[in-house]
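Reading through the structure tokens given below for one structure.
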């Protein structure tokens, strides 16, 4: 019986159809009651809504009782010009005015020749006759449904004007009125085309992966696997089960950059597969996918009205009858009083009558609201009602949840301990992870992943009686044990009256979770989380808008305060240890100060979201309940969209005020002109028409992008795999330029090697970190204009091989680091999501003077340079740059010079020369050394080099004694490349590491720790090719190019043969060219300077010419052993076109296998030679 009812319900739903109609006859809200009355009278119509600005009617009807064409026919009987809109259609049908308007206009124009030949004045009457039909038809339809509208008023005006023999005026009225209808339709189409394209994002067809059959998306069931080729739009929400690609989600979330997708990634209908072939297992029906829900929300929002709109609509009902009454009085009273010049009074009455249409006033609010809602939707913000847009413009306080809103919600398990002797750690972890598998909290997923990483497999099916206690924790029964997991408050649920005192680490914002087995505290765990990028920027923007910010979290106060510190103490109020009801209570208190918004993403936030004046829920990733409760939905996780939404709401409110004022002033102006003795009927019609158009065009300004103020930035071509690092949620104009800084050529354009396409650049500024000891100086010659205030993260996005990506912190694949014998313990410590991080990360700020040019002279830290050092006694400027020292500090030497910013020409005699003074504190007797750096003509930053901002230096420096030699190892600070490609992108230390060679003491001052912060593959591959002694890395590899097809390594030694690993970062592997993703410098061969045969080799000393080494020293060219040529090694394995998309992994695994084999073969050579 139940099954039968379900089947009947399904049939009933299938019979119901949603149809869209373009109704061109809608002028303003005065037509809405006419449409409603028509639709009410039709059998089979269940629901309907009218969107006035877009002239759209949406009808849900029984397809068996009434068809869309029958509904359109009923609307057209009232002369509403309705058409059924075909799915996905956004083209404008009426590209040209109606024939009535064209003929009427031509005849009116010819009638002006009456001054030459008077009988031609009758052409004006013909113009009236030619254009009056549409107006008459609409007026007749209005009379049938007794209602006075503008069409009836125009007919009365035309008849009266003709009666007074003002033929040209009557013709002008008819022509202006008929042409205005077309102009308004065209203007409103431009405003609505964006929204119509948004509504039809998802395709109507899908291809079944197994059979290749093309079917309607409505027929696709849940768990069906559909195929999506490159360039196609994803038809339905689902999970990728095969293949990988990049997806453009801009239309859905506002995300400007392509989002990489691989197996188990979620994809949404309406987003575009840019490259690659993927198979998607559907997770919802076509009508339930995110884009369909989004379209429904937008439709509901557009058909809703603000309070001001409802007030204007109510007033307009009385406005028109009142104007008709006034007009009648103006015409009749002078006749009764037998006033002279009755024609003037009749003209005046007609001007008043034509002013009786309040269309401009009525449209002033809905058009502005419509445009604002459209702009918000295309930016990844869904505002559920026009009223919420109005409220958002008045917001005074915004409160944020912490986990998943301010922070990423991507936790790392720092510690997991069992406190009970009879319960081992694995058993406890098994119970906890099994219960957590049933929770949707971000912490739960982290604990489940942690359990799997230590080979503990959770079994959620074994958990009984699962319960969730919002703000406290969760409960589940497994293996006969009652397991309670949560914060301190969960103790009371477990029946533990006194919480045992245990020492837990809450420093650094760690979140502590407690595990109770029955009434006994059995264990605890520590989790840490990081703030989202862009949050502090969003808070600063909200402050600049005069909005107070607050954080409300159920997490402990220490974690809350740590997040506040991470954000630079930008929040005004911070509350920790809150239950859901506590959040609601605090929101109530905030509301006393002014309208309050709450931003959250979880079940715990639902009560607070409902209590606030505006609830903003965090997007597609947010829980379903939060999305339902929120008044505004943030489709992405970028909090910077919130100040943007507030600005948009305030702009929309201003536009409404402007529109209302414009409408009233113009109407009042024409009436004042008429009463002042100039009653122009055609002018009154023109004002009526013009007001509507002005209101529409003024509102459409909301759809325009506001120009960003500031210098244009130089990017690589969008097709490059080496785009600048982009933080999560960054817009396309906010890009980390640290790795993307390139030179500018003399013609004011960035070089093509930097930008891909030449972008014009007037003011080119070098990015410079700020510090306490230095002010920001602009350095000419480098592209990029973003001045950073904080030391940048050490590693780029995408460095981890795991799914979860972080944009800051040290990142190395944990598995690769653990496997490598060369990486010391402190680099093997646990990082987040399988990433290594270094405990000894330090940032040093050092000062270098760039003013003086004479060797062996110390630069004074303050004041002018000594005479003769510079032209015109130019002021010495500090260059302060952070030196990142990873692992252990350098032995015995504090390096005080770093050539990150050598693009400085303002203080030297020659533009081709840069002087810097290095301070090496190896001993008291060491003199100050001055380094002369020559820069090539093409600009201060070398073109064609992926190693931005670094300049080669010779082995012997000016002012050095013969025994003292300095040099540098230059590592590429390049952006991330795709996934784990071996490339210059693997090198991540930001800047240059110096080494010093002291002959007298017969010792080499080198690093103790290799600076290997690469993706999993590169970490192993590069170390494979370098020698090792006693477990310490003595050399640092540097990939360089000798020819197009070779990548050279900078390891040294005659007997040591070092590796060359050439990988492609693009799908096409048959080309013989070495890709830019792999190589560092196309015109350079690194050589190694050996000081003495018996001494240890200092690797990485760069020698430009052989004469830099004395006769007893030899410059040895680096040869290659671990060579993987592209065509033979990779292309042969990837030649199958069906598997072409997996080419990169093929090449990578092959190279790794080959290189590892060679490494084992030559390992004893490495050891022997370096120990010599």
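Our numbering is plain: 1 for the first residue shown, then up by one each step along the chain.
Keep in mind that glycine also has a Cβ here, set from the backbone N, Cα and C atoms.
Taking Swiss-Prot as the reference, the stretch among 617-636, 637-656, 657-676 described by the feature transmembrane segment is residues 657-676. Given the ranges 256-273, 274-291, 292-309, 346-363, the record in Swiss-Prot names 346-363 as transmembrane segment. Judged by membrane topology as recorded in Swiss-Prot, residue 86 sits across the membrane from residue 341. Per Swiss-Prot, the stretch carrying the note transmembrane segment among 42-62, 63-83, 168-188 is 168-188. In Swiss-Prot, the feature transmembrane segment is placed on 146-166, out of the ranges 146-166, 209-229. The listed stretches are 168-188, 315-337, 657-676, 681-700; of these, 168-188 has the most Cβ pairs under 8 Å to the transmembrane segment (94-115). Neighbour density at the Cβ, taken as the number of other Cβ atoms within 10 Å, is lowest among the recorded positions 401, 601, 605 for 601.
On the 0 to 100 pLDDT scale, the model's mean across the topological domain 'Cytoplasmic' (1-93) is 76. Residue 601 (Mg(2+) binding site) falls within neither a helix nor a strand when secondary structure is assigned with DSSP, and so counts as coil.
Taking the Cα atom of each, residue 605 (Mg(2+) binding site) and residue 401 (active site, 4-aspartylphosphate intermediate) are about 7 angstrom apart. Across the topological domain 'Cytoplasmic' (139-145), DSSP assigns 6 helix, 0 strand, 1 coil. Highlighted: of the candidate stretches 119-138, 315-337, 346-363, 681-700, 346-363 has the greatest count of Cβ pairs under 8 Å to the transmembrane segment (146-166). Helix first, then strand, then coil: DSSP counts for the topological domain 'Extracellular' (338-345) stand at 4 helix, 0 strand, 4 coil. Taking Cβ pairs closer than 8 Å, the topological domain 'Extracellular' (338-345) reaches residues 164, 330-331, 677, 679 in its own chain, all 6 or more past its ends. The two recorded residues, residue 401 (active site, 4-aspartylphosphate intermediate) and residue 601 (Mg(2+) binding site), have Cα atoms 8 Å apart. Listed as Cβ neighbours of the topological domain 'Cytoplasmic' (139-145) (distance under 8 Å, sequence separation of 6 or more from its ends, same chain) are residues 34, 37, 77-79, 151-152, 154-155.
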